[in-house]
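**Q** Dumping the structure here so I can ask a few things about it.
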C-alpha cells in the first residue's frame, strides 16, 4: 500500500510539473505574440516609432508670434522621420539631383504626378521630398504608397490650414474683405487695394518660403547637399527623360551660360512645349520644374526682407518682381528646346480638391509623350540661344496684393530666421 501511495504521489508531482511547464511556455508564447502584434500595430499606425537614434535632429526656432497647437507639434515631429524605402534604396547616387514636390490638397492631381515620376529614368537614384501645405490624410496615403525611390514627407507645421481658430488661420477677430479696423474693431492690415488677408491665399507664399528654408537649411538629408535641387508641383506632369535632362543641364550651366542661375525642365511660358531647335535656350526662370544650387539659395535668402514685404501673394511673381531684379544683373535659366515637364492644372492652386470636381478634361490628363521624350534629348555640343528681352513684370510693378497684413510679413521673416 505504501509503495502504491508513493507511486501516485510521484505521478501527481510529475503531472503538476508538466502543467506548470506548459503554462510557462504558453505564457511566454502569448507575451511574444502580444509584443509582436503591438509593435507591428505601432509601426502601421505611426511613423514616429521609426528609429531616429542615428539621425541629426535640427530644431527650428519657433516663430515668436505663434502658439503651436497639437497638430502643429505632431507635424513638427513627423518632419524628423527618416526617408522611406531605405531598405530598397540604401544609398543615393553620387551627384544626384534632389527632387522636391510641393503639394496642397488635390489628390487626383497628386496621383498623376506620382505616376509620371514612377516612369522617370533614374528616379531610383535620388531622394524625393514631398512638402505638404498642412495635413490631409488622402494626400498622405498617396505618398506613403511610393515605392520607386527614397521618399521623405515634410508637413508645414504653421500652415493656415491647421490653425482653425487663430492666426495664421482664420481668427474670430480678423477683419474681412474691406472692413475698416477702427469701425469694426477688428484686427488686420489691408493690402494696397484695401483688402484684408485671406488665409487660404496667403498660405501659397507661406508654404513656398517655409519649404525653401526648411529644405536648404533645416533637413538632415539636404542641409549639406552641395548640388542642385529640383522643385516641382502637384499639377506638373513629368516626362520620362526629365531627370537625365536635368543632370545634363546642371552640368552644362556654368560652362554654357555663366548668366544662368538655374536650370528648367519647361519654358517660362507654361503653354509652350518648346521651340524644338538643335540648341539650348536661356531665358527668364520659369515656375515649372526649376532647379538651382545652394549659392543661389543664399542669394535668395539674403533678400528675405524684400520677399516678405512685397504685396503679392504669389511667390513666383514676388521673385520675378523684386528678388531677381535686386541681384544687379539679368537672371537667366538654362533649358532644352523640348519640354520635359508640363503644367496640366486648369484652375487655382486651392481649387479642384474633390475627385469629382478636379480641374481637368473629363478627369483625365491627355499628354502625348513621344519616343524622343523618353530618353535624354539634350546634346552637350549645342550652342545657347538667349532671350534677352522677354515680356514680364516691369520696374514699378507693385504686385497683385493679398499680402498686406503685417502679421503675414512678420511670420515670413520668422521663417527666414528658423535655422540661422
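Just so you know, the numbers here start at 1 and follow the chain as drawn.
Just so you know, glycine gets a Cβ as well, placed from its N, Cα and C.
No curator has checked TrEMBL annotations; they are predicted automatically.
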**Q** If TrEMBL is the reference, give me the range from 12-35, 36-59 marked as transmembrane segment.
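**A** Based on what TrEMBL states, transmembrane segment spans 12-35.
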**Q** Under a criterion of Cβ-Cβ distance under 8 Å and sequence separation of at least 6, what residues of the same chain contact residue 175 (disulfide bond)?
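**A** Set apart from residue 175 (disulfide bond) by at least 6 residues yet with Cβ under 8 Å, we have 181, 184, 186, 187, 188, 190, 196.
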**Q** Would you count the other CB atoms within 10 A of the CB of residue 186 (disulfide bond), including those on all shown protein chains?
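**A** So the Cβ neighbour count for residue 186 (disulfide bond) comes to 16.
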**Q** Tell me the Cβ neighbour count for residue 343 (Mn(2+) binding site), meaning other Cβ atoms within 10 Å of its Cβ, over all protein chains shown.
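**A** Result for residue 343 (Mn(2+) binding site): 18 neighbouring Cβ atoms inside 10 Å.
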**Q** Which of these disulfide-bonded residues is closest to residue 343 (Mn(2+) binding site) if you go by CA atoms: 257, 260, 308?
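**A** Out of the listed candidates, the nearest Cα belongs to 260.
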**Q** Just give me the nearest neighbour of residue 235 (Mn(2+) binding site) among the recorded positions 133, 257, 260, 308, 412, Cα to Cα.
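**A** Comparing Cα positions, the closest of these recorded positions turns out to be 133.
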